[in-house]
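Q: Dropping the structure in here first, questions after.
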Amino acid sequence: MLPRRPLAWPAWLLRGAPGAAGSWGRPVGPLARRGCCSAPGTPEVPLTRERYPVRRLPFSTVSKQDLAAFERIVPGGVVTDPEALQAPNVDWLRTLRGCSKVLLRPRTSEEVSHILRHCHERNLAVNPQGGNTGMVGGSVPVFDEIILSTARMNRVLSFHSVSGILVCQAGCVLEELSRYVEERDFIMPLDLGAKGSCHIGGNVATNAGGLRFLRYGSLHGTVLGLEVVLADGTVLDCLTSLRKDNTGYDLKQLFIGSEGTLGIITTVSILCPPKPRAVNVAFLGCPGFAEVLQTFSTCKGMLGEILSAFEFMDAVCMQLVGRHLHLASPVQESPFYVLIETSGSNAGHDAEKLGHFLEHALGSGLVTDGTMATDQRKVKMLWALRERITEALSRDGYVYKYDLSLPVERLYDIVTDLRARLGPHAKHVVGYGHLGDGNLHLNVTAEAFSPSLLAALEPHVYEWTAGQQGSVSAEHGVGFRKRDVLGYSKPPGALQLMQQLKALLDPKGILNPYKTLPSQA
């Protein structure tokens, strides 16, 4: 039942630790390992070129003269050691592997400019890489592209305490930026499960959505300016810190979501909202998906402006989080669970509104059980149940991941459809995501990669999504995995214009090749 007094956190919620911090703290699994370096005994990831039908384009190969030139541009920032290159060649899901022989670690936009000028002259392909936490293979090479890492471009350049405008380099880690602005009574407008590793430049390049999208919208609205280095080394300065600028084309929008195919983002200007004085989280069990939808409608009506997140997950998600991460549900077992967050300026006012909503939801049968938290520690505990689902899935076997945007009322139908379609051939079929913006994370696990299972999933998932007028990528981007399925979400004319923009800004095609755009539009 919903607590009517201050929450006394049950001891069994912390089972499986030693100690609460070990179980509920910052993830210690793959997300915490940048580049997802192989653990001892882990099977080697097959080369992408051997698993997928892709041919290398006629780029040059890196020579000793190229390495010498790079060493002059970034002294001490040229990595050629094969062991050190293993992790950045492999994607986070451990399903794609390139064979790059060199990684460059510039510190400044000027160094990036010199690198790209040299690569443009020599026709050398470049793979930009941030925290390497992407889900669609956009951040790792397909063949032997040079990896350009932004990891050393990690300085905050300015922060204005009145406007909340942050200017920083692209390699700043999202969690560290969050800590920086929170110390100044602001928050970042996005929050991701991968925040401990992902870079703000990668977030912008992929137009990452995340857990605060419902309240603060997309990066197309919160990013005020960008500095971008084009394929030929030209530095494009669109780094305004103005909230209003109606002079000509808004060029920065081209690069938000372009996944490093049009230019490399080196500096970001972003608007940070004020830090809420009161944050409350409720975790509820629902008897069915229809009740999840009704709870969301009721929630919007009763909570209004203080509603900042509405997440849902199915029972299988909770079972996997418990099995692989030893995190227990704080409510009784239910077919579905929802996590609701409110953020506001008046703790008493917000708690009262949330309490009235919870009483109504329970009394009307929308919710069968629930609990809520107001202090930061317990809030983080409840959020961990949602944020660490991806980690739990990665421990369940090979994962087929789909990031779909669908009409809210049809959001879960594809999950039940696939369970019937796949039967025992899939280990688990789960659905969770951001109900507030119609984003479903559909995941299918199996003991190992299976071509027959993949054939049963694709193109069926994309055809089903197109039939609902949905999108095959809600927030993860396109990368390598989805480049040839854009036609399910974009008309031929739009694809042709994208190809024309790519040819204009990167005529040699050296920036992140084999990604984002179809091989043939």
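Placed from the backbone N, Cα and C atoms, the Cβ positions cover glycine too.
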Q: Among GLU409, GLU458, GLU463, GLU475, which residue shares the Zn(2+) site with HIS434, HIS441 according to Swiss-Prot?
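A: As annotated by Swiss-Prot, HIS434, HIS441 share the Zn(2+) site with GLU475, chosen from GLU409, GLU458, GLU463, GLU475.
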Q: Report the candidate from LYS378, LYS401, LYS490 that shares the (R)-malate site with ARG386, THR390, HIS476, as recorded in Swiss-Prot.
A: LYS401
Q: Between ASN443 ((R)-2-hydroxyglutarate binding site) and HIS434 (Zn(2+) binding site), find the distance joining the two CA atoms and give it rounded to the nearest Å.
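A: Each residue's Cα considered, ASN443 ((R)-2-hydroxyglutarate binding site) and HIS434 (Zn(2+) binding site) end up 14 Å apart.
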Q: Could you check which of the recorded positions LYS101, HIS434, HIS441, GLU475 is the closest Cα neighbour of THR390 ((R)-2-hydroxyglutarate binding site)?
A: HIS441
Q: Find, among the recorded positions listed as LYS101, ARG386, the one whose Cβ has the highest number of other Cβ atoms within 10 Å in the structure shown.
A: ARG386
Q: Look at each of the binding-site residues, THR390, ASN443, and point out the one with the fewest other Cβ atoms around it within 10 Å.
A: THR390
Q: Based on Cα coordinates, which of the following recorded positions are within 10 Å of ARG386 ((R)-2-hydroxyglutarate binding site): LYS101, HIS441, GLU475?
A: none
